Amino acid sequence: MLAALPAVLLPVSSVPALKALPVVVTAAVAAAAACWPRSGRPPLAGPAALAAVLSLLLDPLYPGPISAAGLWGLIEATALTVLVGRAVRIPDARTAAAVTALTGTALVLLPLRLSLHQPGKQLADHLVGAAMGLLVAVVAGGIGLYLRTLDTRRVRAIAEAQREQRLSVARDLHDFVAHEVTGIVLEAQGGQLGETDPAEAKALLARIEAAGLRALDSMDRTVSTLRDPDGTGAAPDRAPSPRRHGLAELAEVVERFGPTARLEAGADSGPDAAAAPEVEEAVHRLVVEALTNVRRHAGTGAAVTVRVERDGERLRVSVHDDGGGAASGPAPRLRRRHRGAGGLGLAELTARVEALGGTLSAAPAAPGWTTTAVLPLDPGR
């Protein structure tokens with residue numbers, strides 16, 4: 001705004017100061033509004049509307065001289081053109097439409113301020129001036145609309161990236177942290193069921209410690225992902241790469257469940273099976289989620305079979321438990337809701353499996369429960 005003041009004040013000496021004052025004020029207000037910062041207070045809509053109203057009021061009331069109308073009008077027209085383009089980008093759609101219409105009308109009618117005070121001008125001359133103003137307003141509005149479209153796309157992209165990050169964090173917390181915490185709780189409950197000799201107590205505490213360390217590691221990765229503005233999970237003092245879980249880790253996951261769980265995998269569907277990384281990730285999360293549900297609802301004493309087998313170009317994964325019926329003696333389990341209401345884990349996994357072109361089912365299979373998924377080895381084919 002300060003940079004525009006010399007240009008605004010330069011022509012003052014060429015016309016009577018009092019008569020030029022309304023034009024000077026209107027042009028100065030329009031120039032100030034055009035330079036108004038996007039994050040300014042009050043918002044741009046206020047200054048832009050004020051500049052447009054002053055311009056519209058001055059058109060029929062301007063007393064002259066014509067030279068001032070031309071000089072100051074050029075500055076005002078430039079400012080109004082900028083305001084039309086900026087008004088289109090106002091975030092609120094209704095406010096943007098109202099302010100754009102107001103500033104556009106002021107720009108279209110601005111030439112009349114000059115032509116109305118020139119003798120001999122015909123209606124056609126007035127219409128030509130208005131048409132030129134309309135053309136400039138349309139071009140400025142079109143540019144502003146294009147920039148508004150880019151703004152909208154950028155905002156949506158940021159919102160989608162933030163949503164995806166939140167979902168990723170929620171998945172990690174649910175699939176890994178909750179899995180380990182569930183194990184810790186059940187191990188602690190198991191230690192309270194009866195007398196435990198020192199050796200067993202030491203082994204129990206070691207398992208609790210290991211599960212706690214794994215939970216902390218998962219939380220560290222999640223927190224580092226949130227801290228990193230690029231979302232790559234790189235903390236200032238270290239740069240952990242995004243962790244991928246696959247078939248090779250299934251044996252460890254099943255072993256951590258306990259001695260009542262076993263993994264059955266064919267030679268062509270074991271850890272060395274060729275499957276797309278996203279398929280292996282989905283299979284790993286499915287097994288973790290299913291075992292977590294077994295722990296919660298059937299207890300650590302339930303006999304569990306995790307079966308991975310290749311069926312042509314598809315991979316079949318099933319997790320079956322006996323409902324705790326094979327356990328000798330009481331087994332700790334979480335006193336929670338019925339098995340179908342354990343949260344959004346299976347719903348999230350179902351969506352992921354279906355996105356890869358597979359199917360997932362979870363249903364009672366007397367006397368326990370079976371979760372089965374069938375996925376293509378390579379969803380991209």
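The backbone N, Cα and C atoms fix where each Cβ goes, and this holds for glycine too.
All TrEMBL annotations are machine predictions without curation.
Annotated domain 'Histidine kinase' per TrEMBL: 283-379, in sequence order. Confidence for the domain 'Histidine kinase' (283-379), expressed as mean pLDDT, is 77.
Marked as region 'Disordered' by TrEMBL: 223-244 (among others).
For 318-339 (among others), the entry in TrEMBL reads region 'Disordered'.
Annotation comment: TrEMBL describes 66-84 (among others) as transmembrane segment.
Taken from TrEMBL, the feature transmembrane segment applies to 96-114 (among others). Here the transmembrane segment (96-114) has Cβ contacts under 8 Å with residues 44-45, 48-49, 51-53, 55-56, 58-59, 62, 66, 69-70, 73, 76-77, 80-81, 83-84, 87-90, 126, 129-130, 132-134, 136-137, 140-141, 144, 148 of the same chain, all six or more residues outside its ends.
The annotation transmembrane segment is assigned in TrEMBL to 126-147 (among others).
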